[in-house]
Structures are given as C-alpha cells and as structure tokens.
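According to TrEMBL, the protein has these features:
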TRANSMEM  20-46  transmembrane segment
DOMAIN    39-290  domain 'G-protein coupled receptors family 1 profile'
TRANSMEM  58-84  transmembrane segment
TRANSMEM  90-118  transmembrane segment
TRANSMEM  130-155  transmembrane segment
TRANSMEM  194-219  transmembrane segment
TRANSMEM  240-263  transmembrane segment
TRANSMEM  269-292  transmembrane segment
Amino acid sequence: NSSDLSPSAFILASIPGLEAAHFWMAILLCSVYILAVTGNCAVLFIVKMEPSLHAPMYFFLCMLAAIDLALSTSTVPRVLSFYWFNTREISFSACLVQMFLIHTLSAIESTVLLAMAVDRYVAICHPLRHAAILTNAATVKIGLVAMARGVLFFLPLPLLLLPLPFCSSRVLSHSFCLHQDVMNLACANTTPSMVYGLTAILLVMGLDAILICLSYILILKAVLRLASWKERLKVFSTCVAHICVVLAFYVPLIGLSVVHRFGKDLAPLVHIVMGNVYILVPSVLNPIIYGVRTKQIQRRILNLIHIHHD
C-alpha cells in the first residue's frame, strides 16, 4: 500500500484501564511542569541579576536551565493536550521534529555536564590557572560546540526514518516520540538506523559519562592529597551539586535505555512513567539542587520572597 510509505500519524501511548484518570494525571504532570519552568526561569534570572554568579560554572548552569526548559516544553504541552483533550494522534513530521529535539537537547545537556566536570577539575587541581583557562569567551565557545555536537550527531536519526515504510500498528509506547520507539514500528530493515542510533548515544552520552568519571577520579586523587579531612570535605563539597545533577540526568537515561532494550514485556505504565521521569526529573531537580547548594542563589530567592511579601 503506497500510503504505508508516508504515514500520516502515530498514536501516543495510553495506559490501559486508566483512561478515566487522565484528567488527574494531567493535573499532576502540569504541576510538575510549572515547577520545572519556574525553577529554571528563576535560575536564569538570578544568575543574570547577581554579579557574583557571573562565572563559568553558573553560565553552564544557565545553559542547563535553558536546555531543560526547551526539553520539557517540546514534550509536556503535547502530552497535556493528549490527556486533557484526548488528541492521541501526532503527525509523522511533528513526531520526527519532537524526536530530534529530545535527542539533540539531551546530547547538548550531556556535553554541558562534561564541561562542568572539567570546570570542577580545573578549579580544584589547577586553581591558579582556572581563571585563565575557563574564561567567559571559552564558556561561550563550549556552549556553541555542545550545540553543534548535538545537532550533527542526532540530525541523521529522523533522516534515516524518513524513507521507511511503517506498519498498520502505529501505537507508540510513550506519550512522545523517541527514536527507538518510532523505529520499532517500521516494516523494513532498521539495522542502519539502529546501529547509527546506538553509535551516536555511545559516542556522545557514553563518552561523556566516561570522561566525567575520569574527571572525578582525578579530583578525588587531588582531594586525598590534602592534609586534613576538614580541607578534603570543604574542597569536595564544591562538587556535590554537580554530582547530584549528573546522577539526575544519567540514571533516568540509563533506566529508559534498559526499559527500551529489555522491557518489551513490561506493563505500558512502566514505559510511560520512565519516559516522563527522563523528561521531567532533571528539569525539576537541577534548579532545586543548585538552589540548596549555592548561598548566592538562596539569598537572592529569599530577597525576592521578602520583597514580594512586603
């Protein structure tokens, strides 16, 4: 059938038996989304307004906030439309665009997390050279490289899916479009797409994770050379926020990958929950983590609350 060559739409996943609860699920999802948007906008505003935070580490934090805003906004409003208005269909072109944005933004975030790990390594292991190495200009260049890297590695994903014929069953296993999920619905040889997708993830997220671990091994060696435990804890405490943010990004990513590859027999609820965790958890947790760990951000938030209260 020639219509199979250009599918008009995919069907977003629904949780069997819980259709009646969609309204309340949407309320919960909307609340989490508002929290994510508010937190990340607050980080961007506070770093802009607080001169003491005009440093590479906080510029990287602003990049994370902008990425999290874009990632959650590219998915959650469409999911809310599905839950509230039962618009389960998503066009083939919209699905490919959404898929490209999700994977590209995730790759950019991974690169920024690596840059933050390198920033911590230079600050702890080469403190006298930190200001000279990680200048504001260097930070901007790193941001541009992160964007270019994400786009170049993940633009081929939708392009490889474009010529494929798709089966009559076009029901996705998530409430949004992911590469492997869409690829599994194709009625053709998907080996090139599968191999490229796995290679891209290993060369971006996989390599970044290894380099982040290597940075922390070197940081740990430098910290252990310090004389007292008090000094060691004081120095290493500057890394705690970044370690938490790395875990908040990579744990859901690994969990979702495991569910995709080995969880075909799992309940649909598991796929949908893991997908939403992957999209929303980093977006919500990142501003909270840095808000708790950064005194300047805490102080500015308290000032804003005080002014508003007055």
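Any Cβ shown, glycine's included, is placed from N, Cα and C.
Note: TrEMBL annotation is automatic and uncurated.
At the 8 Å Cβ threshold, with sequence separation of at least 6, the transmembrane segment (130-155) comes into contact with the transmembrane segment (58-84) through 3 or more pairs. A contact between the transmembrane segment (90-118) and the transmembrane segment (240-263) is present, since 3 or more of their C-beta pairs, 6 or more residues apart, lie under 8 Å.
The average pLDDT computed for the domain 'G-protein coupled receptors family 1 profile' (39-290) is 90.
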